[in-house]
């Protein structure tokens, strides 16, 4: 059976743990260990600009002994009038996996519905599951066991990071809180899915408009840009509601004394996070960015071994 990774709950708790364990192993020996069997080609398609996703996937595939074919959709027939389904059928004859950074989640779902190779969500408007695998790897490195930790996210609760942290976090047994202003809350269907998964793992889901309450005693504090790609023209009116949710030294002081800070990047310093926090001793941002490489390599190996 072909396994896809389109959203965080595509992995069971046990499967997520397997991927994270493999990511830790690959990080110990990132170059010489090349576990892909035979020549492997991977299509890496971008509808949106990228730094970390492009470098980490392209280099990671090479380190595994595979070959990445990296294109932007505008340079293919996908950017014109060929259907997603036709593109998926053709690419499935050429490559062993498809990695796609795109807009609506429905585009990934449509491609996966006919692809005969694994399809990986490298970011959509709704989810960012590869990033959250890297986040979980980083948390495990700093904190040890994930189960029972308290993670609080601050900012736009309706964006892809909030959604993926909800699903991926509770899958790992983490208690996840989303602190966001009214009008920017998680999608109800995503929250419901996270609550169902949390029942299986002993985790919990909390959504609040009180940033201070969310920070109190937290083990992990996470934020993301207040203006996602495609929202740049919304102006200052969009930014204003998020000001009380800035991840700054005052908010960090409310958390556990050993708390860590994550940001998937790029950061708008002075908006969602201050320099003092991002560059301070609690920051694990740079480890988090590096772990995109290792977590995605592990995911590719895991999927290809099972497809």
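Cβ atoms here come from the backbone N, Cα and C positions, even for glycine.
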Check: Which of 101, 107, 238, 243 shares the carbamoyl phosphate site with 50, 51, 52, 53, 77, 128, 129, 130, 131, 264, 265, 292 per Swiss-Prot?
Finding: 101
Check: Here the binding-site residues are 50, 77, 160; which one has the lowest number of other Cβ atoms no more than 10 Å from its Cβ?
Finding: 77
Check: Does anything in the same chain, at least 6 positions from residue 224 (L-ornithine binding site), have a Cβ under 8 Å from its Cβ, and if so what?
Finding: 153, 155, 156, 159, 161, 162, 263, 264, 272
Next item on the list: Look at the binding-site residues 52, 128, 292 and tell me which residue has the greatest number of other C-beta atoms within 10 angstroms of its C-beta.
Entry: 128
